[in-house]
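Chemist: First the structure, which I've put down as C-alpha cells, then a few questions once you've had a look.
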Amino acid sequence: MASSSRPKTDVLVGGRYKLVREIGFGSFGHVYLAIDLTNHEQVAVKLESENTRQPRLLHEKELYNFLQGGVGIPQIRWYGQETDYNVLVMDLLGPSLEDLFNFCSRRFSMKTVLMLADQMISRIEYVHSRNLIHRDIKPDNFLMGTGPQWKKLFLVDFGLAKKYRDNRTGQHIPHRSGKSFIGTPFCASISAHLGIEQSRRDDMESIGYVLMYFNRGSLPWQGLKAATLKQKCEKISEMKMTTPVDVLCKGFPIEFAMYLKYCLRLSFEEAPDYRYLRQLFRLLFRKLSYQHDYAFDWIVLKQKAEQQASSSSGEGQQAQTPTGKSDNTKSEMKHS
C-alpha cells in the first residue's frame, strides 16, 4: 500500500482484501468497502495511521475479539499492519441509525423507537455482562445488519470502551472525579460532563437520550453555539442538568421519563435492571397494540417507494434507500 494520508483504492490488505472505495472517515482514520478475493464477500476495512497521536485500533480489535459470539457484535476477519497503517477487517454492516433517521426525515414512529429500544438495551446488557462499558452510545454507533440479518441491530465502535470490573476478582473500578470528558456531548451522561468516572449507569442514561432524540427529532441542547468545544460541552452540560426529565419527555409516553429517572437514580456500582427497563417498553408496545413484525419506518418507506416505482413504470424497481435489506455500501465504521 502506498504511504500517504489517504490510502489508495484497488490495493490489497492482508493479502486478500481489495479496497474498493472509501465509505467513511473520522478522527480514527479511513474506512473502506473491500472485497475478500477468496470468496467475493464485501467487508469493511478500517485503517488507522501508525503515526496517529492516540492509536485506538489495536485496543478496539482486542475488545471486539473479547466480545465475539455476542448477538449484535460484528465479526472480526483480520487485523495487522500494511505499510504505514494499522488495519482492521470486519463484517460489512448496513446503515447507522443516524443514517436511517435522516432518511426518515428525522422522526421515527413510536413503533420503530420501541423496537429499537428493546435491541439497544439487550446489546449494552451483553457488553456489560463482559465487564465492559461502551462510553460512546449514540445513533452513529448502532448499525442495522444486511442480508439475512437485516432486522438485527449491531453495536459498534469500541474505541472508547473500558473495563469497569476486573474479570478475575470482580472488583469494580473506583469512583473518581476530575476525569477528562469522554464520549459524544449530545448523548453523554451528566456524570461524564461533570468529570466523574463512568460506569454502567452512564451507558444506560445515554440510551435514554438517544431514544428521546428519535422521538423529538432533536434534543434541547443540540445546536448551542460556543467559541470552543470545551465551552460548548459546558453549555450542553448546564442545559442537561437544568432540563427536568419530565420536560424533556413531555408529550411522549410516561415510560420514557420512567426510564431516564431510573437511570439517573442508579448508584455508581449498581447493576441496571435491564429486564425491568426492557419490560417498560415491551408493555407499552403491547398497550399500543403494535405487532412486532420488524416493519421499521425505513422498511415501510422503501416498500412504498418500490410500489410507486412499479406502478409508474410497470415493473418493480429497487428504490435507492438506505435499508439494511439491500444496501451493502455502508460500513460498520460510521463515526462522527
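Cβ coordinates come from backbone N, Cα and C, glycine included.
Positions annotated as active site, proton acceptor by Swiss-Prot: ASP136. Look at Swiss-Prot and you will find ILE23, GLY24, PHE25, GLY26, SER27, PHE28, GLY29, HIS30, VAL31, LYS46 tagged as ATP binding site. Residues annotated as compositional bias 'Low complexity' in Swiss-Prot: 309-320. According to Swiss-Prot, the feature compositional bias 'Basic and acidic residues' maps to 327-336. According to Swiss-Prot, the feature domain 'Protein kinase' maps to 17-285, an assignment based on sequence analysis. If you look up Swiss-Prot, you'll see 309-336 marked as region 'Disordered'.
A description of the local structural setting of each listed feature is requested, covering burial, neighbours and distances.
Modeler: All chains included, 22 other C-beta atoms sit within 10 angstroms of the C-beta of ASP136 (active site, proton acceptor).
Using a 10 Å Cβ-Cβ cutoff, GLY29 (ATP binding site) registers 24 neighbours. According to its DSSP assignment, GLY29 (ATP binding site) is in a strand.
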Chemist: Under 8 Å Cβ-Cβ from PHE25 (ATP binding site), six or more apart in the same chain: what's there?
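Modeler: Listed in sequence order, they are VAL31.
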Chemist: Please identify, from the binding-site residues ILE23, VAL31, the residue with the sparsest Cβ neighbourhood, meaning fewest other Cβ atoms within 10 angstroms.
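Modeler: Minimum Cβ neighbour count within 10 Å, taken over the binding-site residues ILE23, VAL31, occurs at ILE23.
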Chemist: Could you tell me the mean pLDDT over the domain 'Protein kinase' (17-285), as a whole number?
Modeler: 96
Chemist: Measure from the CA atom of ASP136 (active site, proton acceptor) to the CA atom of GLY29 (ATP binding site) and give the result in Å, rounded to a whole number.
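Modeler: GLY29 (ATP binding site) to ASP136 (active site, proton acceptor), Cα-Cα distance: 17 Å.
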